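Per TrEMBL, the feature transmembrane segment maps to C:20-45, C:65-88, C:120-139, C:159-181, C:202-222. Residues or ranges marked as heme b binding site in TrEMBL: C:His32, C:His83, C:His133, C:His172.
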Amino acid sequence: MNQQTTSMSPENASGRLLNFHIFRYDPQQKGDKPRTEVYQLRETPGMTIFIALNQIRQQQDPSLQFDFVCRAGICGSCAMVINGLPTLACRTLTSKFKQGDITLMPLPGFELIGDLSVDTGKFMRELAERLKLWLHPHHHEIDVHSIEAPMAPEQAAALYELERCVECGVCVSACATKQMRETFVGAVGMMKIARFELDSRDGRTAEDFYHVIGNQDGVFGCMTLLGCQDNCPKDLPHMQQIAYLRRKMAATIL
Amino acid sequence: MKLIYTDSLVVGAGLAGLRVAIASKEQGLDTLVLSLIPAKRSHSAAAQGGMQASLGNTAKGMGDDEDVHFQDTVKGSDWGCDQKVARMFAHCAPKAVRELANWGVPWTRVTAGPRDVIVNAEKVTIEEAEAAHGLINARDFGGTKKWRTCYTADGTGHSLLYAVDNKAISMDIPVHERMEALRLIHDGKRCHGVIARCLVTGELRAYVAKATTIATGGYGRIYEVSTNAIICEGIGQALALETGVAALGNMEAVQFHPTAIVPVGILTTEGCRGDGGLLRDKDGYRFMPDYEPEKKELASRDVVSRRMTEHMRKGKGVESPYGNHLWLDITLLGKKHIDTNLREVKEICENFLGIDPVKEWIPVRPTQHYSMGGIRTDHTGESPQLKGLFSVGEAACWDMHGFNRLGGNSLAETVVGGMIIGKYVAEFCQHNSLEINTEIVDGALNAVNAEIDGLLTSLGKESAFQLKLEMQQVMMERVGIFRNGPELQQAVAALQALLKRSQQLGLQCKKRHANPELVEALRVKRMLKVALTVACGAAARTESRGAHAREDYPQRNDKEWLNRTLATWPDENALEPQLNYEALDVMAMELPPGYRGYGIDNAIAHPDTEAREQQITAILAALPKTATRQQKQQALMAFELPEELMPDNERLVDRLQPQQQLNLKK
Amino acid sequence: MNRKTHRVKWSGLLDLTQSISGILLAIFLWVHLCLVASILLGAEAMQWVAKTMELSFLSADGHGYPWVVTVMAVLIGVLILLHVLVALHKLPLTLKQQRALNKQMHVIPHEDTKLWRWQAITGVIVLLAAPVHLWLVGAAPETIGPYGSADRIWNQGGWLLYVPLLLAVELHAAVGIYRVVLKWGLAGDDMTRIQLRKAKSIASAIFILVGLASLVAFMPHAS
């Protein structure tokens, strides 16, 4: 063999025993009821919830459902509630939990597919359609052969700051307002509106945006509980942006 | 059984797939996309660094054009690519970037005036032109003559994928999420769609379409450690392979990225080195200049990965519980730069390593990263063997990458290839009718049904998880960065043994719906076949070219191996693919094989090379002195594109007065 | 402006009204408490404050106009009503919503959300207790003063109303102001949020202490 390395796990690693308390429920299985099952696992250095869940599935229970895609904190697939905090499981190290007890629950506020898997995709797509979350350029026909229109470098940078949302659903699950009011658009929706509102290439006016979020399902339904701000894995400025939109929308009344 | 009809069916909702879907929908075609996951979760989002397009806005990109981009791409491919395709690509890349700006990608912009950058470990001040202010910026990447990689901070793939998916949503293109395509519906000549399984309900559906485009990405996960998302398992390639007709091209061409973090294999972008980051060994010594005095850390990826491996073999690697590694040092870039332009890298370091890259070095080593090989297509993206089957992006071997892909050319391929092939797909749909033979559809569906029944009732004792792990380990150990005959033979034998064992798979979880074990079992059988095309192709190719490095055949052998490997699997029960070769015609090349610029020039020349070089000189001499570079290029190797994409690209230099042009070039 | 736009804009108006009425009520509350706390300086001080509030300086006989207090009570009552009406639809009113909130708090016990739940609970307490208080003082404005108030508090069992009202209203007001500041982005970054939270807690604590001390200070004046 000629490669310098072969395996992800080091030899002779013997860490502490972790107890995973995992929510289990298969809504499609007749007679199945929500319950918590406990799995034990030996911790290895650098172990993440991603590694742990895969080990549990491979070695203990092949029916366990969960979602991972990039496993690098980029795609937003794996959000779940870990010991009471909604966050990305792939980049949560087990070493963070001193007690060795880790409770995993699916994200509330989304349709449950099974166990830890929820349907965030359907939610985000419906939201995008409802709020028209895409650029509405001033000119639809552009000449792709000619030099592009310039944009202030600062604006481009500011746009990317707001665009870092990975649609993981954490802000939605952490929002009690959303839980009580199903049609509420949540921070993810407002953050995206704020992104397009900032974009000089977007032709929509404040009045246009008011139609979309100037209501009880939008900025005026938000009670500033800040679950979004406090849990966003990308540290997006939800509080600041929602406040900005609220001022902007309120200003259209005057 | 549920039957769904559409005009243009796309399997895979990453950038390439979505772009093809958009092109179809633009022509008023009924379009439908299947995806394992929500579109915005696709692996395209992980491309941090950027996409190459010769805009030439930045000072360090002045003088760049399609010609330079084309040459870099061909050299990067180690002359293994299809040069016409590379031309089509280089020509359309600026168009794609500009189109994306109109779809919402913010692109990092040029700020006029002086700015400090790190080049070769030293601070250099470059002066950006007033006229370039606000235009799309570019950064340096490996293997390129100019700064050409357009980017959005270090979330380029993310911003592109979001913009393109938003565009698709605005066009009302349906994406059927959590649907896994398991079999192509075909009659040996014509592809009619796919049989797909819903990962939630387990329901099987037949999607019948005029054109079927596979855009499922690469097959990195046949390796145990890969930078790829865990869904990049080569199922798209397997779909084509299992038709027994469609061929996979250059499957042995697998790229290893120099800087994935240890141990988890998450990528840190090439932008780290492009922006001035260095590689260091266990003594903190910067070793790359010793091996590659000219390009140093920014040599082509395959070269840097091999040099790193060589250096570690000399005992210069840093020892760790997870094996040896080297250091990536970006501390010299400073906190501000890292916080804004390399933030994803910073987040990854903090979350997975618990270190701060502003102060500490990052443990890295070469890790499987990209699949140059894939479903072989012609320049329109269509399979030459199976009409109506298209492929695009990393899933395909359209073949602009040959045996090594340049950094920034994969993200570019998704949107540029999608733009071009999308037009061809739409054209195909407009000129062909939906052919429905229910017998063929039923046959395909029954086959998948029988396979699932077989697995659920099997009394076999083999575990899908175990087989997959063993396959991944074989690939890691025997089909890695450096390869040799005996080990490749061992790999082939081991994979064949695994393929045999996969007939004895048994499941603990017997659910027909939402069953992760069933998903794994269905995939592992397919992945093993894909892995065998890689291992067999590598064993057969007795030369070194690009990312395919044979210790026992260290020379690039143009005389015998200037060709493309084509792998098919005609006999379902066979234990290995059939390999054929498609020669690359030197006499049709714009850029005949030459020295790539790394290490010693030890290539065995192709007999036609000299003749073609003379012919090129003659052709150019025969042209009038006033001939433009476009006219010269057309004379050497005419290439075709859909008409809307043919116009020349305008650049900043074209708008400036001659005097200003002179100033810029200084 | 079309009809739809007009209808939609109510949401903004309601939200603004809630914030503004809340701010006004909080200001009134704190000023009111400061005035009542004059009892801590002695009966005379409070007597003077009470008379001044009745605009004694405007009347020829120096007795002032006790009905001014009644008018204030009515005004505050109206403001509270307005505040309640615009805030009510944000509370979990149906069983389904209450269940959803409980489940949410169980799965994700988030601090600021807990704070809001306390605000909602205290809001309901204030809603029940405040009208009684307003009725008592509004109906007999002439009795406000060191002796009349002391009598009401300690002899007629008023403290049973005032202690819970004080606790509830001071928590409610401080959390409310904290939320209004964040809601409209009057504070900047996260640091100020931490500082704001601290300021809010200190405000609640101080006003509750002052309020309790004042209640105790009335005791000697109860005959």
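Just so you know, glycine gets a Cβ as well, placed from its N, Cα and C.
Note: TrEMBL annotation is automatic and uncurated.
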Candidate with sparsest Cβ neighbourhood (10 Å radius) among C:His32, C:His83, C:His172, the listed binding-site residues: C:His32
Spatial neighbours, same chain, of C:His133 (heme b binding site) - Cβ under 8 Å, 6+ residues apart: C:Leu161, C:Tyr162, C:Leu165
Cβ-centroid neighbours of heme b site C:His32, C:His83, C:His133, C:His172, 8 Å, sequence order: C:Leu25, C:Phe28, C:Leu29, C:Ile76, C:Ile80, C:Val126, C:Ala130, C:Leu165, C:Val169, C:Ala173
Max pairwise CA distance, angstrom, over record-listed heme b binders C:His32, C:His83, C:His133, C:His172: 18
